[in-house]
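J.: Sharing a structure below in structure tokens format, with a few things to ask.
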Amino acid sequence: MVSSPSPASPDGGKDSNLMRRILGLGFWVQGFRCLPWLAINFFLKDGLNVDPSTLQLLQNSANLPMVGKPLYGVVSDAVYISGQHRIPYIAIGAFLQAASWLAIAILSPSGISIFTLSLCLLLSNLGASIAEVANDAIVAEIGKELTMPPKTSQSSSSGEIQSFVWIASSAGGVLGNLLGGIAINRYAPQAIFLFFSLTVALQLFITITVHESSLDLPKSSSRVGIRKQLSELSVALQKPEIAYSIAWLAASNAIIPALTGTMFFYQTEHLHIDSSVLGISKVFGQAAMLLWSIIYKLYLKSVPSKKLIAGIQGVMAVFMLSDLLFVKGVYRNMGVPDSFYVIVFSGLLEVLFFFKILPFNILIAQLCPSGCEGSLMALVASANALSFIVSGYLGVALSSCVGVTSSDLSGFPQALLIQALCTLVPIYWASCIPDDKKSKTSAKNE
């Protein structure tokens, strides 16, 4: 499946450029995945006529393969394919995504069932999670190498590769949401699914033409088996600064009942917001993520992670209270158009959840012991995915408790108030996150 090895270039810049192209493409496709998922929302609502709770259950259940990322990370770290343990897994992930979205595209719209659709979505996310694990492991390995002595002059570059892939992912998200907002009113959802399938197939063909040796990745002193890899991961998790940080990140998301399905129905069915406005809203959010990565790289890297992440959590709560005023019609009475609020505020709130991931990933990469980068970063991603799934299920339960349905949204403001209050709770646990100075000292003593 993978081409024969090619000698690594003596030109370090060439290796670096090739590595950046592979990572840039991988994370760009990762961001571009929003294109078919935006179409899936309308396909479920209009094509299969599901209610808000069912829509949110399907959205979150489809993310279950993401919880298995630690296993994929351990396998990626320990099991080599043709002498490689990153590139082949990126290719496998791209193949699974291309196959699943192609299946959804060619199935008859009238004959497809929710069960069949769910299986395809699960397969797609399985492929995406495998590819993301391999990409994240490469980023962790490179980031670890940049922060190790004697490259003290590069100490400020530990977050540069993270910022680069964040920008690539955001750029893919901007384009995907922009195309989705335009295409949904002009093309059938199956055409969008087919287009994305061909895009991932292109990534597959590009990836299999590259041999891992040409990327000049840091070399491990020896290969270890899966059992040994699990043992090293267990040792890493025994470090309080690592275990507590991951626990805080997961809890800070899981404790918030997500109401995305209800908000989607409120905006499209009650306010009759056009799909193009929703697409532009998501583009605005992705552009905000892109701007956030640039601002962080230029101005915020010296800010302690604990203060930055806790501050973002507080801003999220403020935006959720703003949603409550939006649903109550306060902004509408002030003359603010609903479409403007959806584009700006809803777009920002949707991505605020991910703002804290950039500084958190940089912190974890610094703390990560050598040799289990893939496993630990995969565990972080898995904990994050599981927390969002729990958040989604809690949102469904909350909507049911307050009596929210597709035809009755009278309890929606009450649900939004509870959501905002839950968002504030993790701020009191922010002491679980180590300060940057402390974490750098710990990494130095490894």
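Backbone N, Cα and C define each Cβ position, glycine as well.
Note that the structure is a prediction, hence the values are computed from the model and not measured.
Got these off TrEMBL a minute ago, pasting:
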type     : residues : note
TRANSMEM : 22-44    : transmembrane segment
TRANSMEM : 98-123   : transmembrane segment
TRANSMEM : 164-184  : transmembrane segment
TRANSMEM : 190-210  : transmembrane segment
TRANSMEM : 278-296  : transmembrane segment
TRANSMEM : 308-327  : transmembrane segment
TRANSMEM : 339-364  : transmembrane segment
TRANSMEM : 376-399  : transmembrane segment
TRANSMEM : 411-430  : transmembrane segment
J.: With a cut-off of 8 Å between Cβ atoms, can you find at least three pairs linking the transmembrane segment (411-430) to the transmembrane segment (308-327)? Only pairs 6 or more residues apart in sequence count.
T.: yes
J.: If you count Cβ pairs under 8 Å, which stretch among 22-44, 308-327, 339-364, 376-399 touches the transmembrane segment (190-210) the most?
T.: 22-44
J.: Quick one: do the transmembrane segment (308-327) and the transmembrane segment (278-296) have at least 3 Cβ pairs under 8 Å, skipping pairs fewer than 6 apart in sequence?
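T.: Per Cβ check, the transmembrane segment (308-327) does not touch the transmembrane segment (278-296).
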J.: How about long-range neighbours of the transmembrane segment (376-399): same chain, 6 or more residues beyond its ends, C-beta under 8 Å?
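T.: Long-range Cβ neighbours of the transmembrane segment (376-399): 52-53, 56-57, 59-61, 63-64, 66-74, 76, 129, 132-133, 136-137, 139-140, 233, 236-237, 242, 246-247, 249-262, 353, 357, 360-361, 364-365, 368-369, 411, 415, 418-419.
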J.: Within the same chain, where does the transmembrane segment (278-296) have neighbours whose Cβ lies under 8 angstroms from its own Cβ atoms, ignoring anything closer than 6 residues to its ends? I mean 6 or more beyond.
T.: 31, 34, 38, 159, 163, 166-167, 169-171, 173-174, 177-182, 184, 267-268, 342-344, 346-348, 350-351, 354-355, 358-359
